[in-house]
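Novice: There's a structure below that I have some questions on.
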Amino acid sequence: MLTIANLIKKFQQPGGGELTVLDVPRFEIANGEQVALIGESGGGKTTLLHLIAGMLAATSGSIRIDNIELTRLSEQGRDRFRAATIGYVFQTFNLLPAFSALENVKLGMSFGNGRVDHARAMDLLDRVGLADRANYRPKQLSVGQQQRVAIARSLAGRPKLLLADEPTANVDPASADLVLNLIIDSCRDESIALLMVTHSMEVAGRFERIDRLEDINHIPALKQV
Amino acid sequence: MNLLFIAWRNFRYRALSSFLTTLSLMLGVGLVVLVMAIYGIVSEAFVRNAAVGYNLVVGPRGSALQLTLNSVYYLSQPIENLPYTEFMEFFPAEERARMVREYGGDPALGERDGVYAGFVAGGYAIPLALGDYFGEFRVVGTTPDFFEKLRHGPEVDQPFTFQDGRALKTFTPENQYFECVLGSRVAAQTGLGVGDTMNPTHGDPEGKGHGQGFQIVGVMSPTGTPNDRAVFVNLEGFYLLEGHAKPIEDDAIIVPPERDPDDPRPPLLMIPEREVTSILVRNGNVMFAPGMQNRINESGRAQAAAPIGEINKLMSMIVGPLLSALLVITLITCVVAAFGVLVAIYNSMNDRRRDIAVMRALGARRGSVTWVILFESLIIAIIGGAAGWLLAHIAIYGAGTFIEQQTGVQVGLFSVSQFEWLLLPFVILLSLLAGIVPAMAAYRTDVGSNLSA
Ligand SMILES: Nc1ncnc2c1ncn2[C@@H]1O[C@H](COP(=O)(O)OP(=O)(O)OP(=O)(O)O)[C@@H](O)[C@H]1O
Ligand SMILES: [Mg+2]
């Protein structure tokens, strides 16, 4: 479902000049496949997820998702594509503080093609065990609970690919287990492909396929030029 | 969830800041509405007061504005007088002859029509004699015609009515020539009423008394015109007061009045002794007014002024610019308030960048997050504007009784002044302008860098 070929990402450096962060000759994920991505800090994992989500534009190369060539889309096109196809879970919770848990989940459906479906939003909250917290504000939820709401929100738009960037890094071990299970199980149940970045070998161990960024990316973290 | 709802949530989330910016905009808009209302009330009051059924004021040559202020508003410094013969020019020969017989004077006056008689044709000419005071109030010498023929009210169709008593008469056996009528404010302020006596003073409020008092026979109902603060005395009685007779010139031809020897009435002033300050004229056909006005002004003896025109001139020369300046200042208040909205939203942009990035990650476009910010500033504008508008109108309505007493202008809860409807687009435009700076910041917000933990 995801095919990356000859992808290069360069950043403008603050001091001028360019910094090449990614050079990925080939990277693929099949439909419904679950992949853990590990690698050194600063290696470019988050950058890769941003590129796949269409939040960053590639410098060159090809990112193809469900036969859509992302690098050829305009920014607006990528926004629309992201709303319809990608779910995203961040390391820190990134719930919107002005909205209740339920409204945060509904926000996940607000920018795509589908209508805002109250029943589904409640259903998702129920699945992450927080139906009784639907009207709580993020501030009134624990860190782990916030991350579970974020998972519900990432699933709300019925994505085909879920990107998770160290979703368990900031939660306690018990919550981490719960969060991880929710992500893995939900993706399996809804046949959503999953790409999860993690530093934890324990987390990576839950996946059948574990990729190291160093194997994918020709640019090692410490030798970015 | 649509963008407006998202903006509404943000508005509520930053409740204190939203409340304060909305409040400042509310005050700005409220002030503008108040000034606009005052503008409307003042101009209506002036024009209403000038609309008392007559279309021209005739008086001595000089400032037309001062003539109007004296004769219509009973304000300003007293002016010179006209000889009574000038008043007689508005009447046909037989009426003039009657005056000569009754008062005494040159019989030649009664042998021709007055030069302006033809222009009046079916209208009226009412004399006013000014110059005396009762306390701070002007004393107006006039004839019973004043109460019969003049009209007031929004349609200028309501006759004067009396809350007590009746109009003055030229002569009654009990009061002789000395009857007077009080305007409603005079009665309320002095506590005098029917049956009391009123002693005018000569020349100015501190002038010395005349000795002769006038019997109060009526108190007028409020009219919302300057007549509420005037004292009306019978012109004939006014003439008989000490010092009011003009010295007769040596070469004057006078035939004394024809008097029945049994007539108990004391003699009146003769025509050469009489003066009027001004004459209120209504032409039977208004089309004749400009022609008559020209004739009078060309005569060199008097001038004719259209009160409404004079008042409009006064409005546009002094009152108008003053109120316009006030309006500009209050509009600037709105601009300052809008600037406050800009600063408040812009200051919160640091907190919002992450929210914006999250929304973008959820698929929101740049345009959408931009609109969320613009909508928020729009919400502040609409709530602040509506609240300010409503509050100002409630305040005006609350002061309605007072305003009506002072000016005769009635204000409803939703009587909207002329340019008030422009306020809404103005405030919306302001808020959009204020929203643009933070909205552009939202537009430029980079997703990637704001999402890295
Ligand atoms: N907007 C940017 N401008 C310039 N350089 C950037 C930008 N974003 C990231 N980089 C650089 O790209 C490199 C990769 O960053 P990235 O966040 O993808 O690493 P990562 O693998 O996710 O690291 P970590 O495991 O610590 O999260 C870093 O050297 C970083 O400095
Ligand atoms: Mg990272």
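Cβ from N, Cα, C; glycine included.
Remember, TrEMBL labels are computer predictions, not curated facts.
Positions annotated as domain 'MacB-like periplasmic core' by TrEMBL: B:18-238. Per TrEMBL, the feature domain 'ABC3 transporter permease C-terminal' maps to B:328-445. Among the features that TrEMBL reports, transmembrane segment is placed at B:20-42, B:322-347, B:368-392, B:421-443.
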Novice: Relative to the transmembrane segment (B:421-443), which of B:20-42, B:322-347, B:368-392 accounts for the most Cβ pairs at distances under 8 Å?
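Specialist: Answer, by Cβ pair count: B:368-392.
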Novice: Residues sitting near the transmembrane segment (B:368-392): Cβ under 8 Å, six or more positions beyond its termini, same chain?
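Specialist: Distal contacts: 3-4, 6-8, 10-11, 18, 21-34, 37, 337-338, 341-342, 345, 352, 356, 359-360, 420, 423-424, 427-428, 430-432, 434-436, 438-440, 442-443, 445.
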Novice: What is the three-state DSSP composition of the domain 'ABC3 transporter permease C-terminal' (B:328-445), stated as helix, strand and coil residue counts?
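Specialist: The composition, in the requested order, is 99 helix, 0 strand, 19 coil.
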Novice: Restricting to the domain 'MacB-like periplasmic core' (B:18-238), what is the model's mean pLDDT?
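Specialist: Mean model confidence (pLDDT) across the domain 'MacB-like periplasmic core' (B:18-238) is 87.
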